[in-house]
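S.K.: Pasting the feature list from TrEMBL:
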TRANSMEM  B:36-54  transmembrane segment
TRANSMEM  B:61-80  transmembrane segment
TRANSMEM  B:100-119  transmembrane segment
TRANSMEM  B:126-144  transmembrane segment
TRANSMEM  B:172-189  transmembrane segment
TRANSMEM  B:219-240  transmembrane segment
TRANSMEM  B:260-285  transmembrane segment
TRANSMEM  B:297-320  transmembrane segment
Amino acid sequence: MNIALVLEQLLNGVQLGVMLFTMASGLTLVFGVMGLINLSHGSLYMMGAFICAYVAGITGSFWIGLLAGALGAGVMGAIIELVVIRRLYDRDHLDQVLATFALILIFSEGTSWIFGASPLWLDMPDLLSGSVSLPGGVTYPLYRLMIIGVGIVIAIGLYLLISRTRIGMRIRAGENDREMIGALGVNISALYTFVFAVGAVLAGLAGSLLGVLQSVQVGMGEPMLILAFVVIVIGGIGSIKGALVGALLVGVVDTLGRIFLPGLFSLVLDNADATSVGSALASMLIYLLMAVVLAVKPKGLFPANA
Amino acid sequence: MRKLTRESWINSSLVLLLALAPLCASLLDEPYYVNLASRVVIIAMAAVGLNLALGFGGLISFGHAAFFGLGGYVAGVAAYHAFDGSYFIGVIPGSDQMPVIWLVAVLVAGLAATFIGVISLRTQGVYFIMITLAFAQMIYYFAISFPTYGGEDGLSIYVRNSLFSLDTSDPLIFFGICFFSLMLSIFVTRRIMGSRFGAALTMARLNDIRLATSGVEPFPIRLTTFVLSAMITSGAGALFADLNGFVSPSMLSWHHSGELMVIVILGGVGRLFGPVAGAVVFVLLETFIGGFTQHWQFFLGLILLSVVLFANGGLIGLLAGRPRHD
Amino acid sequence: MKKFVSAGAFALMAATSMTALPAFAETKVGMITTLSGGGSHLGIDVRDGFMLAIEQSKSDVEVIIRDDARKPELAKSLANEMLQKEKVDILTGIIWSNLAMAVIPEVVRGGTVYLSPNAGPSALAGKLCNENYFNVAWQNNNLHEAMGAYMKKEGLKAPFIVAPNYPAGVDALTGFKSYFGEVEGELFTKLGQTDYAAEIAQIKASKADSVFFFLPGGMGISFMKQYGGAEVGLPVFGPAFSFDEVILGAVGDAAIGVKNTSQWAYDMDNAANVAFVKSFKEKYGRTPTLYASQGFDTANLMLSALAKAAPSDAEAFRAAMKAAEFESVRGAFKFGSNNHPIQNIYIREVVAGADGKPTNKLAGIAIENLQDAYVSECKM
């Protein structure tokens, strides 16, 4: 167990965390501003990946695909906001859960109807294939490094959007007092559509970026959705900062747990048992983390509106 | 107590229909429909359990599949050990007697719910939704990777567990057992909600500060409700395992939690018979649209979406109008 | 004597002109398979292969097809529907082992014949084997065992082996090790995991000389893509499940050079297979996968038995099934005593095809006449 390997695994954790943040920030923004639980966020992620793969397949350019994936998911998000989601803001969480659960079914089956049951092909652009050497003796895939970079840019961009722009001011106002901002003459429904579309663009971007590393198939959004929920709950729902910290925490804990728990158990158990017990515990680890965080801080690490 | 409202008319016809349909099917020698009815009834019972927490208590649990699955696994594990004469963790013998299994299933789920509840009920709203989901996921992954009881392959129950001298393998008799259990769980829910405890629970849902100022702590009330709710769902899980002759981790999956919620909402949240209506419609939809098209989940989604957008209050609400206490 | 001959000739004639025998017209077959959701391309291929054979036979066997959406409870309920309402004579179609374990034991104990076109969980080959259960694909461990044998034969010393942490994954690694011996390292991943960066880093840091993995469906696609991107440089081996033609289409060039074990390859040179691949491509416009070949074989095995006996004559029908006198697209096919195949497992190599897209090429035999490891546990 050398230092370079630990560093590399840490980097892997950060990379997973950064992508989770991209997913989770949209989710947490939508909840913070509109008070909506959106289970179909994972479907937007999937749409992003499918559109990206499809367009990249036609044009032969990953970059056009990436753009199409992010924008396509954004357009899709805006459409479902206009048609379905805006009827749910005044409803309780239960109705929101049911309606967005129904959207998952529609999106998943609709996608396999249109694109067929086979996973789509989406490959890395040549520009970003290969690895780079980092200080500390780590060689790391360039593409994953780029993902980390994109995540950082998104985090900074969101920070600037929310704290420095007029729209950001309205978003913050909306988080604090929904009626008041409407009364002040802000076009609240346009604001909501915008926020929802931004979340969708981020989900589509995450889907397109990870589609390169994953299987672009129906149902790919659900594991990400559950992880993103774990992230925002740990971080404090509605808080972008919380989503960032939560995402990094989940990414690192999950990655390191998967690798080091079986080894840890082999100190006390024989090899086969250690592998199975360790792996079983590793797959439960982030949920354990979430339960512990909520047991100590029932509103997450960074409660919004505190 | 009071004169029959439209809702109670609907409820009675629903129950009558549910009881008569399998009888007819049995007379026509169509055991498939009897088993389908048992499936509806068991899922309805699981949803009745969830409805107690979700509808009457306002506790939106996204992890009730955990209790459903726990009940199932108690039945499966008990039958497994009874079948080969071995012992659970080396000391506890198996059993193929339903009453014993039910008791254990209800107790195990009660214990689990107490533990989960004590932690989860400190949180509220979305946090509660998500922490219950987290606990269910933990149990799900444990079940998948724990090899003794089959892991993801699940565990088969080769001979249906027995209840006194009844022939439980007869579809109609088994339906009778399930139907009785469902009615019992609805009756229990009704008694709870009609009691002082129920009044306190309603108050805790609507305004817990007011409840606290009248000297009643909301926390123990909520915890008790959560535990009772888990127990009912777990009993349904034990029956479900016997109906299918096997248990598997998919009973514990978050999809299943979602489906239970869908059933409650479809039928009508906080309506005594809402879960029954929801289960009837959901299972029939799943069974019959599945026969028409490979893309049946797409249409299921559309139907669910229309119900939530346009039929607020679920099916019972649609038929019976708004409840009087709202 | 002459009378006997003509009776025999009549039976033969009846057997060859398929519609003539009443066994076909009255036979109802139920197919429960996965047509929606993740992993549905397996079910779709099994169905298409199966229906192609039925169509080519010009028989009027009735096939009822239902989608289980990969849910065990739904599969169970559909099995009830098939048996109790539709009253099918033969059941088939299930893709996944956990669904198979939910459905099959009760079905075959009830006296209905079940033909497995894909799943082969160990219990059904061993302790729970049944005279009414026929596996036309493989026992789950077969392809992994064959790869273990092959890699040993090829002189590899220290493979790193990976599988998801669930029964089929544990069986896969056990099966591999039973033919290979000690390995350099092994890792269990989470079922449904999508990111393998951490596992790949462990492999890279180890002293392994090769990688064997069993990650079915989307998990395998994710792993291969990420493995390709990480420039590990070790040769990769696996069962065909992660390298069927559909999955290769999604993995792309990252899969080139990978060797995988399969009981069938589309470029196998036997008459039945050449005809099958040609007609499948014509009808569906795509290259068949091993799942399609299994569906096709399952239907042909069933038809061969139906030509000899009706399912209502259980004893004779089972004997006809067990004889397995049909033209399998994988060449020779016979059943062991537990009704699981004894068959050659082949090595395929992923190469760049004529159109530049990766495709499988038959590269030799991994192990001959492989029988599953559980046959001795089967008391039938």
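Indices start at 1 and increase along the chain as displayed.
Here the Cβ of each residue, glycine as well, is placed from N, Cα and C on the backbone.
Curation does not apply to TrEMBL; its annotations are automatic.
Small disclaimer: the values here were computed from a predicted structure and weren't measured.
On this model, are these features tucked inside or out on the surface, and what's nearby?
M.R.: Beyond the ends of the transmembrane segment (B:36-54), by six or more residues, the same chain brings 18, 21-22, 25, 60-61, 64, 67-68, 171, 174-175, 178-179, 181-182, 185-186, 189, 192, 225-226, 228-237, 239-240, 243, 260-261, 263-264, 267, 269-271, 274-276, 278-280, 282-284, 287 to within a C-beta distance below 8 angstroms of the stretch.
Among residues of the same chain six or more beyond the transmembrane segment (B:61-80), those with a C-beta under 8 A of the stretch's C-beta atoms are 46, 49-50, 53-54, 86, 88, 94-96, 100-101, 104-106, 108-109, 112-113, 116, 128-130, 132-137, 139-140, 143, 149, 154-159, 161, 226, 229-231, 233-242, 246-247, 249, 251-258, 260-261.
Here the transmembrane segment (B:100-119) has Cβ contacts under 8 Å with residues 63, 66-67, 70-71, 74-75, 78-79, 131-132, 135, 161, 222-223, 226-227, 229-231, 233-235, 237-238 of the same chain, all six or more residues outside its ends.
Cβ atoms under 8 Å from those of the transmembrane segment (B:172-189) belong to residues 15, 18-19, 22-23, 26, 34-35, 37-38, 41-42, 44-45, 48-49, 51-52, 56, 98, 160, 163, 166, 228, 232, 235-236, 239, 242-243, 272-273, 276 of the same chain, restricted to positions at least 6 beyond its ends.
For the transmembrane segment (B:260-285), the list of distant contacts is 7, 10-11, 14-15, 18, 36, 39-41, 43-48, 50-51, 54-56, 60, 62, 64-65, 68, 182, 186, 189-190, 193, 233, 300, 303-304, 307-308, 313-317, 320, 323: same-chain residues at least six beyond its ends, Cβ to Cβ under 8 Å.
Away from its own ends, the transmembrane segment (B:297-320) comes close to residues 5-7, 10-11, 262, 265-269, 271, 273-274, 277-278, 281, 285-286, 289 of its chain (Cβ-Cβ under 8 Å, at least six residues beyond either end).
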